[in-house]
């Protein structure tokens, strides 16, 4: 079974493979044109829009992988949970209401399955399916959308630990089915996003991040056994505990120094990340100088995948992103 790095890495290229978090988005004029006068949710649920947007990554940037154009909330279609973008995500949900995944996921997600089937026929690079990790999706549900402090979630898991555990378990089961469908349709690999984890105290990290992600990854791999990359917002000590999840590739955010990982661990396995997306706002000459400094200790490391420490910011110049990818695809490790 090929690992995440092996699937993403271009053949006969002695350089780090590259793709980017939120590589298709508001910073692209072509994407803005696609979404003109259309609700964002409509784009995520429309087969042809998914196809058109997904293709923008490889066609405009020249990255080594495409990632399915959808949202971490799209899975809520399978739980019959009402949500919208206004413009940010808003979820209509009470953590005390029933939360069970659909018995007919093929019908519920037919729009997505069809998009992936068509994309795999058109793409010349691998296609990555993705979903939120359990704690992150649970926090979105309890907070009613994105939250910087996850205060409602933290209070809920302390007050109702059994209910929170039950919610995580339903998320794990539903997410595994959701991702298996996409792999069966033709996706080559899976990316998980644990974006809310930075808010958890270290004493709860293992219980609510490591253990649930380990369960989810085991379930995802039961059928097609796709390689899985895990993005997680955390600090160094918490990052080390992520090896217990069984993820093929670990992707820390910019709070973790990759050079420190290699210095401490020697051979840490497949690592992805974690260039600060804020640097993409710099004048291009300064951006490339920072990029070259960042890459110096990394580009000769085996199984290293270049990516960002978080998603591309909406105000990022497209030409800066293109310059970063061009720099990556032209370097030599010899």
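The count begins at 1 with the first shown residue.
Any Cβ shown, glycine's included, is placed from N, Cα and C.
Just so it is clear, the model here is predicted, and its values are computed rather than measured.
Substrate is bound by 22, 23, 24, 25, 26, 71, 140, 195 in Swiss-Prot, and the record lists one more residue there from 303, 310, which is 310. Comparing residue 140 (substrate binding site) with residue 71 (site 'Transition state stabilizer'), their Cα atoms are 12 Å apart once rounded. Farthest C-alpha pair in the substrate-binding residues 22, 23, 24, 25, 26, 71, 140, 195, 310: 22 Å apart. Within the set of binding-site residues 24, 26, 310, the entry lying nearest in space to residue 71 (site 'Transition state stabilizer') is 24 (CA atoms). The local packing around residue 71 (site 'Transition state stabilizer'), expressed as other Cβ atoms within 10 Å of its Cβ over all shown chains, amounts to 17.
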